[in-house]
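Scroll down for the structure; my scribbles are underneath it.
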C-alpha cells in the first residue's frame, strides 16, 4: 500500500521542522487541558519541595503530543531531558549508561516503553523506586551484585499500547495520563500558530478545513499544513485560501472526514462482511499491513468516532460505516 499522508509515524525529514513548531510553554500548548492542569500543580509542588517529579506515563494514539508535553515539563522544572526509545535499549548496560549520566532532577523520556524487555525492566525497577542501580558482575556462584546510587530523576514513559505494559512496571508510575484526540477548533488554532511560525498567511476557513481532515491529531494537522503550503507555492500564491486548500487536500487523497484510501479499504472490508466479525489477522492480510499498524494507526480514530466495534471474535462495521459507504446492511445483522 502506498505511503499515507495521514501516517502517524514521524518521518526523518520532518523531525527538525517539527521541533521548530513544537510549543515551548504551557500557554503555547493547545489542548489536553486536564492533563496540563494536573501537571502544573505537580510541577509547582515539586519545585517548592525542591524534589524531582514523580515518574509519569503518557499513553494514547501516536501524534498527540507526548514528546512535546515532556519537553515543556523539563523546561518548567528547569532541568535537562534525555530522550530515547525502548528498542534502542537492548542490554542492561545500555540502560545503565543512560541512568548513570543523569543529573539530579533530570528527566528520562522513553518512547514505546511497552517494548522494553523483561530483563531491562528488572534493572529499571530499583532505579525507579530507590534511585539505585543493581549491576550483576559474573555468573553462577561467583556472581556479585554492585549497587550504584543514582540521583533522583523522573522517568517519563510514552506508549501507544498501554495494555502491553507489565503490571509491575505500570504500577511504578506515580502519575498516568491518557492523551485525548483534539477537537477541530483546537487543531485549527494549532495550525494557525504553526503557519505564523512558517511565515505563511492562511485564511481562517483554510485552517478549519485542514483541522477537519486531521483525524484529531496535531502531527497530521502540521503535515497537511506543510503539504498545502507546497501547493500554494507552486500556484504562486502567498496566501493559503480555501480553493487552494481544498484542491491540495483532495489531491492528497484525504476526504472531509480525514479518511484516506487505507481507512476506506478497512471500513469496506468490515462492511462487506455484513455483520460477521472479521479477525485482525484477516484484516492485516487483506490490506497487506502488519497488525500493529492496524491497531495503533488505523483503528483508534475510527473507534473513537463510532465506525467499528471490537468484539471477542473480531471487528464489526457499525451502521454509521454502512451509511458512509452506502453499503446496505442485512436485516439479520447484529453487533452481538
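Every residue gets a Cβ built from N, Cα and C, even glycine.
If you look up Swiss-Prot, you'll see 1-182 marked as region 'Large ATPase domain (RuvB-L)'.
If you look up Swiss-Prot, you'll see 21, 22, 63, 66, 67, 68, 129, 130, 131, 172, 182, 219 marked as ATP binding site, on the strength of sequence analysis. In sequence order, 149, 150, 151, 152, 153 make up the list of same-chain residues 6 or more apart from residue 131 (ATP binding site) whose Cβ falls under 8 Å from its Cβ.
Taken from Swiss-Prot, the feature Mg(2+) binding site covers 67, and the record attributes it to sequence analysis. Secondary structure at residue 67 (ATP binding site), as computed by DSSP, is helix. Close to residue 67 (ATP binding site) in the fold, though at least 6 residues off in sequence, lie 22, 83, 109, 111, 158, each with a CB less than 8 Å from its CB.
Under DSSP, the residues of the region 'Small ATPAse domain (RuvB-S)' (183-253) split into helix, strand and coil as follows: 50 helix, 4 strand, 17 coil. The region 'Small ATPAse domain (RuvB-S)' feature in Swiss-Prot is assigned to 183-253.
Annotation source Swiss-Prot lists region 'Head domain (RuvB-H)' at 256-336, citing sequence analysis. Confidence for the region 'Head domain (RuvB-H)' (256-336), expressed as mean pLDDT, is 91.
Residues or ranges marked as DNA binding site in Swiss-Prot (evidence: sequence analysis): 310, 315. Under the three-state DSSP scheme, residue 315 (DNA binding site) falls in the strand class.
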Practice task
Please report the DSSP secondary structure of residue 182 (ATP binding site), reduced to three states.
Solution key: coil
Exercise for the section: For the ATP site as recorded (21, 22, 63, 66, 67, 68, 129, 130, 131, 172, 182, 219), determine the largest distance between any two Cα atoms, in Å, rounded to the nearest integer. Expected result: 37
Practice task
Report, in whole Å, the straight Cα-to-Cα distance of residue 310 (DNA binding site) from residue 21 (ATP binding site).
Solution key: 36
Fill in the blank from the handout: Students should find that the Cα atoms of residue 310 (DNA binding site) and residue 182 (ATP binding site) sit apart, in Å rounded to an integer, by 23
Exercise for the section: Just give the helix, strand and coil counts over the region 'Head domain (RuvB-H)' (256-336), going by DSSP. Expected result: 40 helix, 7 strand, 34 coil
